Amino acid sequence: MNPYILAILLFGLGLGTTITFASSHWLLAWMGLEMNTLAIIPLMAQHHHPRAVEATTKYFLTQAAAAATLLFASVTNAWLTGQWEIQQITHPLPSTMITLALALKIGLAPLHAWLPEVLQGLDLTTGLILSTWQKLAPFALILQLQPSNSTLLIILGLTSTLIGGWGGLNQTQLRKILAYSSIAHLGWMILILQFSPSITLLTLLTYLIMTFSTFLVFKLNKSTNINTLATSWAKAPALTALTPLILLSLGGLPPLTGFMPKWLILQELTKQGLTPTATLAALSALLSLYFYLRLSYAMTLTISPNNLTGLTPWRLPSTQLTYPLATSTAMTICLLPLTPAISALLIS
């Protein structure tokens, strides 16, 4: 892609998200979301491949449906209450419609079916943008809406954690596994949203760091399914040794960074008297942990059949930029001891 066009599209992505962040009026927020969608579509379809075009079409249709529902709900709210302010959603009908529209935009279960299919059709770089940056604008709106629909948010959160764990069990394609991982993590965030927005932000931050690391590892190894992971030790032995730690951090095992948000969420849910919800969420984390363990096993404990020439790539200098990966990997593995400091920063 022409670098000037790429720069304009990335600028459009950034601008769309910033407009939604800064807006207090529903029309402006809707406009930011639309800019975001339109800026990522050429990035998704840049490889002229039937699968990429199919993924782009599916993404466009779901996002357009979500945006239309959002616009309809905000107009309905203005008609019922005379208010266009984002934080003035008082009527239950537009409030529920907006929550569901934003859930469709970020891919919360049961409105998740488009996400694995779309992610599977994209290359890893665009997939990374879709799994991280594209979640920020709708999430900012959900955060501003929050205390209105408590039962709906808990149902969406629990369904997402369960489907995110269940759906990834039978997958062999890494991008689909990462899509289900994304659904499960978003479920955890939505679950705690109304009780502690600061913990939601902490969970979002750790999710972004861990997903960034995972996508970069797969990109460095040029891996798109479980079978190709087995050859990664010949390309980058040191990184292959560290990758299980990144994957288990995504799964939420102590003493890795990913344990921190899950620990705080379960603690907060128990404080709020929602012990059954906390138990279900913790059990759903076991489902996710199974497929992360499966990836770790395939990557480090199996050796693929190899010839002599296949053993040499690690001797060659890598042409890919590894500083971002090194930084995000260190953060993915080592941030748990800083939990009190991070919590104090976010809560204050």
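Note: Cβ is positioned from N, Cα and C throughout, glycine not excepted.
What TrEMBL records for this protein:
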DOMAIN    23-286  domain 'NADH:quinone oxidoreductase/Mrp antiporter transmembrane'
TRANSMEM  60-80  transmembrane segment
TRANSMEM  92-115  transmembrane segment
TRANSMEM  151-170  transmembrane segment
TRANSMEM  177-195  transmembrane segment
TRANSMEM  201-221  transmembrane segment
TRANSMEM  233-253  transmembrane segment
TRANSMEM  273-293  transmembrane segment
DOMAIN    289-342  domain 'NADH dehydrogenase subunit 2 C-terminal'
TRANSMEM  325-347  transmembrane segment
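Mean predicted confidence for the domain 'NADH dehydrogenase subunit 2 C-terminal' (289-342): the pLDDT average there is 81. Here the transmembrane segment (325-347) does not lie next to the transmembrane segment (92-115) in space: the count of CB pairs under 8 Å, restricted to residues six or more apart, is fewer than 3. Note on the transmembrane segment (92-115): residues 33, 58-59, 62-63, 65-67, 69-70, 72-74, 76-77, 80, 134-135, 138-139, 141-142, 145, 148-149, 152-153, 156-157, 159-160, 162-164, 179, 182-183, 186-187, 190 of its chain, located 6 or more positions outside it, place their CB under 8 angstroms from a CB of the stretch. Taking every listed stretch (60-80, 151-170, 177-195) in turn, the largest tally of C-beta pairs under 8 A with the transmembrane segment (273-293) is reached by 151-170. Remote same-chain partners of the transmembrane segment (201-221), defined as residues 6 or more beyond its termini with a Cβ less than 8 Å from a stretch Cβ, comprise 124-125, 127-128, 131-132, 135, 139, 143, 174, 178, 181-182, 185-186, 188-189, 192, 228-229, 231-232, 235-236, 239, 243, 246-247, 249-250, 257-258, 260-261, 264-265, 318, 320, 322, 324-325, 328-329, 331-332, 335, 342-343, 346.
Tertiary proximity for the transmembrane segment (151-170) is limited to same-chain residues at least six positions away from its ends with a CB under 8 Å from its CB atoms, namely 96, 99-100, 103, 108-110, 112, 116, 176-177, 180-194, 274, 277, 280-281, 284-288, 290-291.
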